[in-house]
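Q: Dropping the structure in here first, questions after.
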Amino acid sequence: MRVMAQIAMVMNLDKCIGCHTCSVTCKQTWTNRSGMEYVWFNNVETRPGQGYPRRWADQEQWKGGWKLDRRGRLRLRQGGRLRKLAEIFANPVLPTVHDYYEPWTYDYANLHEAPLGDDYPGARPRSLLSGRPMEIEWSANWDDNLGGATELGPQDPVIQKIREQVGEKVRFAFEQAYMFYLPRICEHCLNPACVAACPSGAIYKRVEDGIVLVDQDQCRGWRQCVTGCPYKKIYFNHRTGKAEKCTFCYPRVEVGLPTVCSETCVGRLRYLGVMLYDADRVTEAASVADDKDLYEAQLGVFLDPHDPAVRQAAARDGVPHDWIEAALRSPVHALISTYRVALPLHPEYRTMPMVWYIPPLSPIVEAVAETGFDGEDADVLFGAIDTLRIPVEYLAELFSAGDPLPVQMSLAKLAAMRHHMRAINVGDPVDEDVASAVDLTAQQIQDMYHLLAIAKYEDRYVIPTAAAGDARRLEESVMPNECSVGVVEGEPGPLGDDSGRRNLPMVSLETFHLTRKRQTADREEEL
Amino acid sequence: MNTFLWGGLPYLVLGILVTGLIWRFRYDQFGWTTRSSESYERRILHIASPLFHYGILAVLAGHIIGIFIPASWTDAAGVSDKTYHLFSLIAGTAAGILAIVGIVGLVYRRRRYAPVFRATTKNDKFMYVFLVGNIALGLWAKLSHADYDYRSTIGPWARSLFVLQPDVELMTNVPTAFQIHALIGMALFAILPFTRLVHMFSAPVKYLFRPYIVYRSRDPKQLAEGRTRRGWESVEP
């Protein structure tokens, strides 16, 4: 056993309202540059829908991720090492900018410079690639909220797959009943195919926190990673000729701050925390024969920090003490392993993704309520989850390689939670059988409710800092003992209140945490 | 003059090449890339780029065989001069035509598609003149002197450079076409480190031997303040 730690994310899709705040703030932070116009490290897709880039989930077309060869060994779907090198001069399955969209600006100067005339001057769209006037025909969320679904919906690869199995009639009934949002970032996988595909060895998984990064100096622009990543979350910067990807906001995470997408999420639906896993078992788990076993296999790779033997092994393998402590309180571990309500996105790609999702129950509750039944009654809901077969099948294609059982279990737990909490709130007797029917205790259901519904900032984000072991030394290096200024607790130190410096905010960690507490506390006595 | 061209210039070019590469590696790794335009245009590139690259690799192999394998070796192996030159003519011409067709396609594509043309720098255009020019010259020299025995002149001269005893005399009576081809070839080597052609030196051969998943620890040097490297400058004024 070789214990490694990773900062992972869980998103609660029930709460996503599709506002794109995460996408916009991420873009402002990371990709508002020339060459990156079309790049969305974070994007929000409406499902059913094609996603971004178009039809990314169709691996028959894009050849992303891993597959098993005839002898049952993992290999990249695009081909082996020799094949990849032979194809290096023109990657045969690279999405072009038209699979994303052609970035554009507007001819704003015309508004100022047009000669005086009878007509109002206009600002025509102009391509940022060719510099010529263009028609805007597509963008990152063109099919938002099922826009154009009658025409575009059937092109959703998941819909296509389900229609093959269930038949033509699915589509319209489906669209009337169901729509949800899927925010996506890089999965920071345990078995990342982009890393494996990079000929230069420029992409790496960070040992300390599992974040997958591209070394911009070592990248030589071979573009194999774009194909390798089945989630199409590596983008080619067409100005610099280098690959870029979601960084999990590592400069923020290193100092204990949540990622920008999490911090600015209006629905407070993102959770960040430490997962401990056994690095020795990753390849074995990614190689299980049946796609449908991959979810359970990945659960088997995760280690329980509540087990003293695991904690001991983690310390032996160099996981810092505060990371082990954080793993104990990790909301992500609770949602993934303890309550088992979170599921991985497309486990069948065999990359062992580390951004997991709680499937949405709300559309089902809505659908039940519309029929005149009580949308929060456990019996009705349990029945509805099974009878609304199509959404479950759709969700199963996304989150469990087509196996409906994990999705049904997860939705049943959410339904049980609603029923249980309503009983408490309206003063009904609590029926313990509902909890035990979904393998949880009443206490667990209440804890889960606290995490999912109350969702306090401190509970959603449990992020150990990168330099915590070094904190004392770092502090001393910026504030030597002989410093005459002195620091009064709660007052701004000699370095000020926030990160007004060019590099990492080197504020005293104590001041930092005090400030944060002041900014996030709800009541005065918490200070 | 001859002494400079065939005895001094090659070493000057080698010097520029080596120092240029070291300079580029140390100061401009961020700019060391293929600068692919595949995301703009895919159809022509899919045909022309492999044509050109495989063609030029074959041309390179041909040059290495022609220059570094002395005639005495092939004689010893029982290959007659006639067979050798026939092979050299056919294979060399085929490779040259592949490369020419490929690069003409690539240059056409570069001019034809506005996004690709806009991404073409002056440096690229300058480099293309030398590259296209020299491939054409080489093919012309080969075809116009089909039976010229370069293995008794150019080959030994090139080898003499590597033992640091340049035999300038060997090159003086070589046909002009070959001389110009060699000179422009040297110019191409000299500008190589300063153009996008550097990507040839990062041919990812080690990919065949490394483990699939790369792990790396945080570089402690990058945690602290360091000198700003190219491409990482602050964007604030």
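A Cβ is built for glycine as well, from the same backbone N, Cα and C atoms used for every other residue.
So TrEMBL says this about it:
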BINDING   B:HIS53, B:HIS63, B:HIS181, B:HIS199  heme b binding site
DOMAIN    B:2-218  domain 'NarG-like'
TRANSMEM  B:6-25  transmembrane segment
TRANSMEM  B:51-73  transmembrane segment
TRANSMEM  B:85-106  transmembrane segment
TRANSMEM  B:126-143  transmembrane segment
TRANSMEM  B:178-198  transmembrane segment
Q: If we skip the immediate neighbours and take only residues 6+ beyond the ends of the transmembrane segment (B:51-73), which ones have a Cβ under 8 Å from one of its Cβ atoms?
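A: Apart from its flanks, the transmembrane segment (B:51-73) reaches 81, 84, 88, 91-92, 94-103, 105-106, 135, 138, 150-152, 154-156, 158-159.
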Q: These are the binding-site residues: B:HIS53, B:HIS63, B:HIS181, B:HIS199. Which one scores highest on other Cβ atoms within 10 Å?
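A: Result for the most crowded candidate: B:HIS181.
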Q: Give residue numbers and ranges for long-range contacts of the transmembrane segment (B:126-143): same chain, 6 or more residues beyond its ends, CB-CB under 8 A.
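A: For the transmembrane segment (B:126-143), the sequence-distant neighbours (Cβ-Cβ under 8 Å, at least 6 residues beyond its ends) are 56, 59, 89, 92-93, 96-97, 99-100, 103-104, 107, 175, 177-178, 180-181, 184-185, 187-188, 191, 195-197.
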Q: My list of binding-site residues is B:HIS53, B:HIS63, B:HIS181, B:HIS199; which of them have a Cβ under 8 Å from any chain A Cβ, in sequence order?
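A: So the ones by chain A are B:HIS53, B:HIS199.
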Q: Which sequence positions outside the transmembrane segment (B:85-106), separated from its termini by at least 6 residues, show Cβ-Cβ distances below 8 Å to it?
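A: 44-45, 47-56, 58-59, 61-62, 66, 131-132, 135-136, 138-139, 142-143, 146-147, 149.
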Q: In the same chain, which residue numbers or ranges, 6 or more beyond the ends of the transmembrane segment (B:178-198), come under 8 angstroms Cβ to Cβ?
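A: Non-local partners: 5, 9-10, 12-14, 16-17, 20-21, 23-24, 32-35, 123-124, 126-127, 130-131, 133-134, 137-138, 141, 145, 148, 150, 154, 171.
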Q: Are there residues at least six beyond either end of the transmembrane segment (B:6-25) with Cβ under 8 Å to its Cβ atoms? List them, or say none.
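A: Result: 31-32, 157, 161, 166, 168, 170-172, 183, 186-187, 189-190, 192-194, 198, 201.
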Q: Roughly how wide, in whole Å, is the group B:HIS53, B:HIS63, B:HIS181, B:HIS199 that binds heme b, by largest Cα to Cα distance?
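A: That value is 23 Å for the farthest Cα pair.
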